[in-house]
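The structure appears right after this line, and notes come after that.
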Amino acid sequence: MASNMANPANHLPYFFGNITREEAEEYLMQGGMSDGLYLLRQSRNYLGGFALSLAYGRKVHHYTIERELSGTYAIAGGKSHASPAELINYHSEEADGLICLLRKSFNRPPGVEPKTGPFEDLKENLIREYVKQTWNLQGHALEQAIISQKPQLEKLIATTAHEKMPWFHGRISREESEHRILIGSRNNGKFLIRERDSNGSYALCLLNDGKVLHYRIDRDKTGKLSIPDGKRFDTLWQLVEHYSYKPDGLLRVLSIPCPRHGSESDNVVFDTRPLPGTPSKLQTPIGAPSDDQTPFNPYVLQRARGLIGAEKGDQREALPMDTEVYESPYADPDEIKPKNVTLDRKLLTLEEGELGSGNFGTVKKGFYKMKKGAKPVAVKILKNESNDPAIKDELLREANVMQQLDNPYIVRMIGICEAEAWMLVMEMAELGPLNKFLQKNRHVTEKNITELVHQVSMGMKYLEENNFVHRDLAARNVLLVTQHYAKISDFGLSKALSADENYYKAQSHGKWPVKWYAPECMNFYKFSSKSDVWSFGVLMWEAFSYGQKPYKGMKGGEVAQMIERGERMECPEACPVEVYDLMKLCWTYNVDDRPGFVAVELRLRNYYYDISH
């Protein structure tokens, strides 16, 4: 489940996955075709949708189950249901538009898993290649991007995948499309798809007995694609997959993609396997003459230089990778990190007004001039009229921790500057602290909040893996770059542990944020990644209560007594039970029984993928 978004039907014994209509009919015939015998399969027309195949009167009836914008499932014109299983249960008691009640499920044979579609098989590689090319990311940054943005990337890939296919030729004229198809082999079933206009319509050009046939592909008001009077599809690749199995209104099946100019020698980028499961007799294209039996995989891609994928300027929601702070400015080989990360004051300009203030001094917005231009920065300026060396040491300690950290979900230090005051120059996160943002923006969805806290868990997992304890993890110290991009900040209390240490012991009780602290911190002054996990539980509570203060109206001592009694904060009103269960797990009293961030991040990731599906 960690690598693939969970299919909400995979656990159902009567779900067969990405099988064709004909395969479904064959299975139900094997099952005896009794009235009310049914199975569930993946829709080959609609993203995230399903199809119900139901036997009645010795015939098989097929019903499309669409996934609605709200995330619910419904048969056209029917009631909405939270899941495919709930829909099936409902129709086993109410026909409500079906030809009969669902009486008996036809289950997969033992050991047979639901069949994944060919696009599913290639999706991981498509995503990896897309991220590499769109944002020029590699290594750790690439992996972090794929994990945190998987749902958005899957949607993006699903709707733009046709642009990377050899059969898609972009905006060319009718005459040019005929010219291209007639170059080289003239086998029946050779085809290409071209863009017709800016309204989202296309044309399918198909070779039949030496003649090029043109079929218009229109997009309706809901965004669905179809040839006139044909089946409707969410994407072009689903349409091509369908017509490569059967003609269904075309003169013949699509069998040989016409390659784009200059692509014949470098046609394959990821995989040359035939479509998974193609040999099945159930998948032989109906009405396809013998000369068209060449195995054709509509998912084999063009080489990288042929990619026309969505660029950053396209009309889509900005992802963290689109921002200037996803990678360190020093990741650019032209930007040389100054020695001891000491910055030249002349290259730093400060703006009027404050972003925030605290015991240490103030934070201002500024710009730091680098080789590739001025970068917006946040500058922590030390207030030290009394010239107290302890305050300076504290700032330098924070700088020392920060300069060792490099992760997309942690505020990076650009450098330090000694001038009219000591200054810590950091990445800018324009939207400010998470708690304040959520207090002012109650419209932010549960999915959006889950996305943000998952990013925080990724940043904390990185700290845990690198033996750093944050010691001040709270919603006020999570800064937002955008509504969909969070970074952990404020490392003033953070400690680096040596390789053989797993906790830090403070010498005395300081000005500590006790409402965020685990029992072992208060009782024994012991701090570890596991105590950060406790704080993360409180941070999640703050996020899902839209920035409310934890333990409102209670003093630190009262909070400690409440925890010793085994009591915990109540579930916030808008918080899903799965998230609250994870909070309670983070608030496990015994530190040895409490999960680490590896487990917490994975659990949040899986939940986020589930609700994004």
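Note that Cβ sites are derived from N, Cα and C of the backbone, with glycine treated the same way.
If you look up Swiss-Prot, you'll see D472 marked as active site, proton acceptor. Cβ environment of D472 (active site, proton acceptor): D490, F491, G492, L493, S494, P513, W516, S535 lie under 8 Å away, each six or more residues apart in the same chain.
Marked as ATP binding site by Swiss-Prot: L355, G356, S357, G358, N359, F360, G361, T362, V363, K380. Proximity of V363 (ATP binding site) to non-local residues of its own chain (separation of 6 or more, Cβ distance below 8 Å) is seen for E354, L355, G356, S357, A378, V379, K380, I381, given in sequence order.
Mean pLDDT for the domain 'SH2 1' (14-106) in this predicted model: 91. According to Swiss-Prot, the domain 'SH2 1' annotation covers 14-106, on the basis of sequence analysis.
The feature domain 'SH2 2' is assigned by Swiss-Prot to 167-258, with sequence analysis given as support. Helix, strand and coil counts under DSSP for the domain 'SH2 2' (167-258) come to 19 helix, 33 strand, 40 coil.
As annotated by Swiss-Prot, domain 'Protein kinase' applies to 349-613, with the evidence given as sequence analysis.
Per Swiss-Prot, the feature region 'Interdomain A' maps to 107-166.
Here Swiss-Prot flags 259-348 as region 'Interdomain B'.
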* Asked: When DSSP states are grouped into helix, strand and coil, how many residues of the region 'Interdomain A' (107-166) land in each?
  -> 43 helix, 1 strand, 16 coil
